[in-house]
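Residues annotated as compositional bias 'Polar residues' in TrEMBL: 393-403. TrEMBL lists 382-403 with the feature region 'Disordered'. Sequence annotations record features per position, and here TrEMBL assigns transmembrane segment to 25-41, 53-74, 80-103, 115-137, 173-190, 197-226, 232-253, 313-337, 357-376.
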Amino acid sequence: MRRASVPTLLFAASACFFSLNAFSVRATFAAYALLALLALLRAPTLFARQQRLPAIVAYWLLSVSSAFLVSAFGDFYANFFVKFVLIQTYVALAFWLFASGVLAMRSLERTCETLIYVHATFFIVQLGCYLAFGHFIDFDSYIRESDSEALYATKALSDSLISIRALGLYSEPSFYAMTVVPAGAILLLAKRRMTAATIVAFATALLSFSIAAILICALLGGVHFFAGRTSIRIKLVIAAVALAIAPAMYGVYDKRVNQSADYDALGSRTLVLRELRERDALADVFGSGLFWDERNNVGKTHLRGYQVRDSSFYVYLLFATGVAGATAFVGALFMLFRRRGRRSLLPYLLPLLLFKFHALYGMLWLTLLMFVVVAGHAERLPERREPPGTGTGRLSATGASGP
């Protein structure tokens, strides 16, 4: 294995901290500081290769101004808008680093591997320690600056060998899955084959027993089985694994969703649908905004913030930006992935947006950034490339030569 370059190491470390941006100011500061250091070290290269800079600046201006416009006439918490501006600045700078050749395709692969292995290490240590000694290590309490309940206990697993839902560095299993599953999917597409890191990502996400992770991993497995045009051997492995784990996964789903073992999960997540039915026409078109104060209830039916987000990014987007914003976002995705060579990536991205991402969640934007980077390479010489998930070949370095 080739040694990672300094830019790759800095970006991988920055991405790991950025994946915690919704929970820790310290981690967020570290993410921005590392990316700024990388940009400073490679400033001559960045300013020598500015071909994509106008488009990047245009994206930044459009995203920031659009978010402001759809939010300015409702409950507007200025601190959240500032956070959004910083997130978009991070994403724009990171894309410039890829577009200028400071970061290469290998950098993206190493970053995904680092995200998976770092988070999975804490996940496995936490789970192993509990199974061996009955002690739960709350890593989340060391990450956050404020108190939060670690939601590891569940009645759905009370009679199981694994009796908790491990969380890794987070307070909920879904947050863990929202980090490793996108990284695993992107790595699968970038390397065009199943790797150890991808297997670790999906396996640990399923072991978190997050209902969202179970459903999304099942969808991604189906996409790879039917649309990935992979080998018969890989399809047989996917089918065998799915059949082997289906009873256990359905058992957890049945207890948590159908039987409401812990709480009324389905009822809690459908409250936002009532809001969508009852709100006025103006909110239907333009939404309720992206930057409301989490300390206040929101909407006509007085929802809490988690009740808006927990029903998936799609429902959150419709609530926050209305039909106009949701249509614009989905339309932009289809425009980005409409070209030959990119189309096969979209079926892998769409299921990931069933996670409870929101506009201030860094991993959402990191996922979109990485998909765009992979798409930029997938459309090059498509006739000479294998479809995602097949063969053992590797993508070449990024279009501009990497470090």
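Heads up, the Cβ atoms here are built off N, Cα and C, so glycines get one too.
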Any chance you could find the range in 80-103, 115-137, 173-190, 197-226, 313-337 with the most Cβ pairs under 8 Å to the transmembrane segment (357-376)?
80-103
Quick check: do the transmembrane segment (80-103) and the transmembrane segment (25-41) share at least 3 Cβ pairs under 8 Å, counting only pairs 6+ apart in sequence?
yes
Using Cβ atoms and a strict cutoff of less than 8 Å, what residues sit near the transmembrane segment (115-137) while being 6 or more residues removed from its termini?
12, 15-16, 19, 150, 152, 162, 164, 166-169, 176, 179-180, 183-184, 187, 197-198, 200-201, 204, 207-208
With pairs 6 or more apart in sequence, are the transmembrane segment (173-190) and the transmembrane segment (197-226) linked by at least 3 Cβ pairs under 8 Å?
yes
Which sequence positions outside the transmembrane segment (25-41), separated from its termini by at least 6 residues, show Cβ-Cβ distances below 8 Å to it?
6-7, 10-11, 13-15, 17-18, 86, 90, 93-94, 96-97, 102, 143, 145, 362
